[in-house]
Amino acid sequence: MATGSADSAAHRGPGAGRARHHGGRPGHHCRLHRLAPTGGVCYFCYFRTFCFLTVHISSSSPAPALTRPPELVVPRQLAIFGAGGLGREILVLVRQLNALRPTWELTGFYDDQPPATDLIHGLRYLGTAHDLNATPTPLAVAVAVGSSRSRAAVVGRLTSPWLSFPTLIHPGVSTESFQHLHIGPGCLITQGCVLTTDIRLGRHVLLNLGCTVGHDAVLDDFCSLMPHANVGGAAHLAEGVYLGTNATVLNQVRVGARTVLGAGAVAIRDLPADCTAVGVPARILTPPVTR
């Protein structure tokens, strides 16, 4: 988890939220971006995908004005691991973020299985995880792998100290400080998702298009929600749970680690770890199907 966040792991641009980066006091350098802008607020920290270390200041304090010229903002380099369908969707997400504010300089795709073409929507295929680990400079990586197990395995292979895993959140998804969301690094939250309040997402959680997550829900590391999956209030998905398209976990239901809930299934009671459940209500299959 991102232990440095107070109420939210992501915040909006000027005027939308009142937050300062740690070390952003007047006359001090921002420890993340090595800048000391006027008023002590790091301009990079206006980018919701950059800053995870925020402390919220009084609502009576005015939001700091962005006075630096836009050309001083240098986008960070970002690569996408996963050159399949989800990778192309994450490419769209990054370009949607850049359309709002030039946050990321896309370098290319990586995948351990080379795609059919070296050019994907204008972005080059650059190699495998081994090549990515050989990068000699800092590089952000979005791991666009839909399977919970496979995504965890990829992250385990990306061991270079130069690599980091930013959280990417569609600009239309509300993640305000008053929602009290705790979002870990490497999460991918796409268009149409709704998160209410007091929700905790672990590392590398994937929320595909149109998912909903209710109050007090907990989604542990590497959980994957396919389009329009729903998690009820106070539900708990253990590490690596995979919810298929339109699957639903009702309020207060716990789903065990690495369990797969099939498309359209509804979990009305707790499910154990390492199983596959389908249907309405969800019933366990034997043997399980891994995802």
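Placed from the backbone N, Cα and C atoms, the Cβ positions cover glycine too.
Because the structure is a prediction, the values reported are computed rather than measured.
Annotated active site, proton acceptor per TrEMBL: His215, in sequence order. Residues or ranges marked as substrate binding site in TrEMBL: Gly146. The compositional bias 'Basic residues' annotation in TrEMBL covers 18-27. Under the heading domain 'PglD N-terminal', TrEMBL lists 77-157. Per TrEMBL, the feature region 'Disordered' maps to 1-27. For Asp216, the entry in TrEMBL reads site 'Increases basicity of active site His'.
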What is the separation, in Å, between the Cα atoms of the residue listed as 'active site, proton acceptor' and the residue listed as 'substrate binding site'?
24
Between the Cα atoms of Asp216 (site 'Increases basicity of active site His') and Gly146 (substrate binding site), find the distance and write it as a whole number of Å.
24
Would you mind splitting the domain 'PglD N-terminal' (77-157) into helix, strand and coil residue counts from DSSP?
31 helix, 24 strand, 26 coil
So what sits near the residue listed as 'substrate binding site' in its own chain, CB-to-CB under 8 Å and at least six residues off in sequence?
Leu86, Leu206, Asn208, Ser224, Met226
Limited to the domain 'PglD N-terminal' (77-157), I'd like the whole-number average of pLDDT.
97
For Asp216 (site 'Increases basicity of active site His'), list the number of other Cβ atoms lying within 10 Å of its Cβ atom.
18
